[in-house]
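Feature annotations, courtesy of TrEMBL:
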type: DOMAIN; residues: 6-145; note: domain 'Sodium/calcium exchanger membrane region'
type: DOMAIN; residues: 175-322; note: domain 'Sodium/calcium exchanger membrane region'
type: TRANSMEM; residues: 38-59; note: transmembrane segment
type: TRANSMEM; residues: 71-92; note: transmembrane segment
type: TRANSMEM; residues: 130-149; note: transmembrane segment
type: TRANSMEM; residues: 175-197; note: transmembrane segment
type: TRANSMEM; residues: 209-233; note: transmembrane segment
type: TRANSMEM; residues: 245-265; note: transmembrane segment
type: TRANSMEM; residues: 271-296; note: transmembrane segment
type: TRANSMEM; residues: 308-325; note: transmembrane segment
Amino acid sequence: MMYQYFALVISGIALLVWSADRFTDGAAAFARNLGVSPLIVGLTIVAIGSSAPEILISLNASLSNTPGIGLGNALGSNITNIAFVLGVSALIKPLHVESGTIKREFPVLMGITLWAAYLLSDGDLTAGESWPLLIALVFYVLWLIRVGMQTRVRQDLMLQEIVEELPDTMPNSKAIMWIIIGMALLQVSSKMLVYGASNIALHFGISDIIIGSTIIAIGTSLPELAATVAGVLKDEDEMALGNVIGSNIFNLLAVLSLPGILVGIQFDEDMFKVMILNVAPMLLLTVAMGIMGYGFRKKHGSINRIEGSLLLLVFVVWLTMSALQEMGKLDAWQSII
């Protein structure tokens, strides 16, 4: 019976990634056909579409009474995006960052990350704490649109790359078809993934939080990995880092807030798993990404192959620590902390 749950997880991830891509292509094409600016489409619809897997996972996990999966997915996806996605990308080719847009967005990500850490530090996430996160998402999207409209595309490399990477145009009938099919399959595949993962966790005695932050987070980060690597191979370094920053902001404002709004999360007994194994690495990696992205003493930021290797090493250590925790090997540390 257990192999069926693993099959559900694997097929759910594959279908989730494919359906999110189809939904995004259809929605972007439909918006462009309505006369929406390509830049606005790229900054909003495409950005939201790339986070659709995490959002649907969080929604269905909460409705299935396993909100820990949604919480773990939000935190683990941010860790995976920085340590694994950027690490792999930097190994393929060192990243150079000059975009003013990225340097404007990073302080926003840092502030939201600190805010999320503060909200989680008391061992729960309530509806009262979560609604402001979701409201902040609306203001963030409006701010993105305002910045995009005020900045000349030709003067910002990342904005140029966003417009160039938009999906091909298609007739409205085809676009609507992909929107409907993509949305339906997103719902089906996210339910498959949540059902399979929650049963695996139950069978092996693994917490929902760890399942969400590792297996599911890695699976739902595959679109970011594909988009980032593709951007690096096309010398679109700005897009690579921009994808990660944008995705991480959406994860904390949308994916993290949904479990709190729908059912509320109480994790007093799992503080070590949440704060030490997930929130702390997320904070440190976000700071490290900012230091590398800004460059400070240099004219532009960069992530070289050595730094990429260190990011991947951190990712491996984090996965190892998560596994050791579930095996009971970190109980002594947990009691001390």
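In case you wondered, yes, glycine gets a Cβ from its N, Cα and C as well.
In this chain, the transmembrane segment (130-149) does not touch the transmembrane segment (209-233); fewer than three CB pairs sit within less than 8 A of each other, excluding pairs fewer than 6 residues apart. Applying DSSP to the domain 'Sodium/calcium exchanger membrane region' (175-322) sorts its residues as follows: 125 helix, 5 strand, 18 coil. Outside the transmembrane segment (175-197) by six or more residues, the chain places 4-9, 11-13, 15-16, 18-27, 29-30, 33, 52-53, 56-57, 59-61, 64, 66, 69, 211-212, 215-216, 219 with a CB less than 8 A from a CB of the stretch. Among the listed stretches 71-92, 271-296, 308-325, the one sharing the most Cβ pairs under 8 Å with the transmembrane segment (245-265) is 71-92.
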